[in-house]
Amino acid sequence: MKLATITFFLLTEIFFYISYAEATRSGPDLCPTIISKRDWGGNAALRVGYTSKPLERVVIHHTVTPECANEARCSSRMVSMQNYHMDELGYDDISYNFVIGGDGRVYEGVGWHKKGSHSPGWDSQSIGIAFIGDFTNKLPSREMLDAAKDLIVCAIELGELTRGYKLLGARNVKATKSPGDKLYREIQNWEGFTRRP
């Protein structure tokens, strides 16, 4: 009887350990690699606003800035973007939660469960994902598109986004041409797409 009890408790502990590790892991199996704000050279936010989680919306943007093809260039674009958003537009930080670089990497903007400045009226209810470049007349690379899709799956698995989320283009929530005509047509085929917030 003692051996059976010890075995039961040991197996229970192993089960809970594996379940906890599975629920808290973040890495290539669960999320795409995310280049942290510190790693791309970003400044700290002036103020941080938090969102409740899980959120129910993802808003897709394009930056209409020059593209980038490697981590050094994309990091430079991120620094320039953050400086413009803070110094010229008066935002507290870079406006997006995450940004997809031309190198197929995800760059941290304000990050998880923090309020961006990407979609007035919807910032506290959505994750803003921007693609570096102008996607009016061409699509982002397959690597960029896959990185964004992987990030959305990651958000769901981490509990940052509901499974029944709505995916919108920036033009669906404000007066803009973002995320560009070609990219907007593309995201209409993605899971969760809707024109109504």
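Every residue gets a Cβ built from N, Cα and C, even glycine.
Residues annotated as disulfide bond in Swiss-Prot: CYS31-CYS154 (among others). Residue density at CYS154 (disulfide bond): 19 other Cβ atoms are found within 10 A of its Cβ, drawing on all protein chains shown.
Annotated disulfide bond per Swiss-Prot: CYS68-CYS74 (among others), in sequence order, evidence recorded as similarity to another entry. Taking Cβ-Cβ distances under 8 Å and a sequence gap of 6 or more within the same chain, the neighbours of CYS74 (disulfide bond) are ILE35, TRP40, CYS68, GLY101, GLY102, ASP103, ARG105, TYR107, ILE132.
The feature domain 'N-acetylmuramoyl-L-alanine amidase' is assigned by Swiss-Prot to 53-180.
Under the heading signal peptide, Swiss-Prot lists 1-23, citing experimental evidence as support.
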Candidates CYS31, CYS68: member of the disulfide-bonded residues with the richest Cβ shell (10 Å): CYS68
